[in-house]
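Quick look at what TrEMBL lists:
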- 28-50: transmembrane segment (TRANSMEM)
- 77-98: transmembrane segment (TRANSMEM)
- 118-137: transmembrane segment (TRANSMEM)
- 144-164: transmembrane segment (TRANSMEM)
- 189-209: transmembrane segment (TRANSMEM)
- 240-291: region 'Disordered' (REGION)
- 262-280: compositional bias 'Basic and acidic residues' (COMPBIAS)
- 281-291: compositional bias 'Polar residues' (COMPBIAS)
């Protein structure tokens, strides 16, 4: 679903662009259109499928989860294959639905060499995966907005990368159109190695942040109660318990709640509709206790 709508948006943009050069104003509009198609499609579908698959549509992200110990390798391998098949199926459906040739494949831009494209893919993918780690995996007060942040990371990645590499950032996204068109450029491998290196880079940085206990740098972000109030409440609670326990380590006794005798729930004599025999029984009981 993610790549279906993303491919569809790019096809619409390419149709409207009509082959105009990359120096035209129309190309800038296309760039924004394509980036928005990918970013919004990821945000929406990550929200939809979070409870089903965790919102994972990218083999590079799956690889990062396995490297970080967040996913079992067997499950990661199954998801990896499923994501690649999803990219192929999405490209095939778009090719069948929209007239004209499928025009969504990644390619290097003018004057961009293979090494530049490789490292561009690496850094853009690392940014996307780090956004997933810090916004979705790490829980905090803004976790419920994680799909928006992750979609925005993909959006900005496309803004930067479309002109230079086509902004792959996802082996499944790059593979699908090539399979459907039966056309693989000689540098297609950079759309696999680049995101793979990005996954390793993002995972290493994420583990470094965890080792450095990054939570202590800005400690009020995990819950709604500020950290100084947390310490104050915790100290007061401990002090009350220690005061009640005393030196004998005896649990504090809770005094029963006093209820007025005039309450009809306790003393039937306060209720004019009460049975007189019930009042007589209570008087007898009181006499026995007092005696």
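Don't overthink the numbers, they just go from 1 along the chain as shown.
Using N, Cα and C of the backbone, Cβ positions are placed for all residues, glycine too.
No curator has checked TrEMBL annotations; they are predicted automatically.
Outside the transmembrane segment (28-50) by six or more residues, the chain places 1-3, 5-6, 8-10, 12-14, 16-17, 57, 146-148, 150-152, 154-156, 158-159, 162-163, 167 with a CB less than 8 A from a CB of the stretch. Sequence-distant contacts of the transmembrane segment (118-137) (same chain, six or more residues past either end, CB-CB distance under 8 Å): 55, 58, 60-61, 64, 68, 70, 112, 143, 145-146, 149-150, 152-154, 156-157, 160-161, 164-165, 167-170, 190-191, 193-195, 197-199, 201-203, 205-206, 209.
Using a Cβ-Cβ cut-off under 8 Å and counting only residues 6 or more beyond its ends in the same chain, the transmembrane segment (144-164) has close neighbours at 22, 31-32, 34-36, 38-44, 46-47, 50, 55, 108-109, 112, 116-117, 120-121, 124-125, 127-128, 131-132, 135-136.
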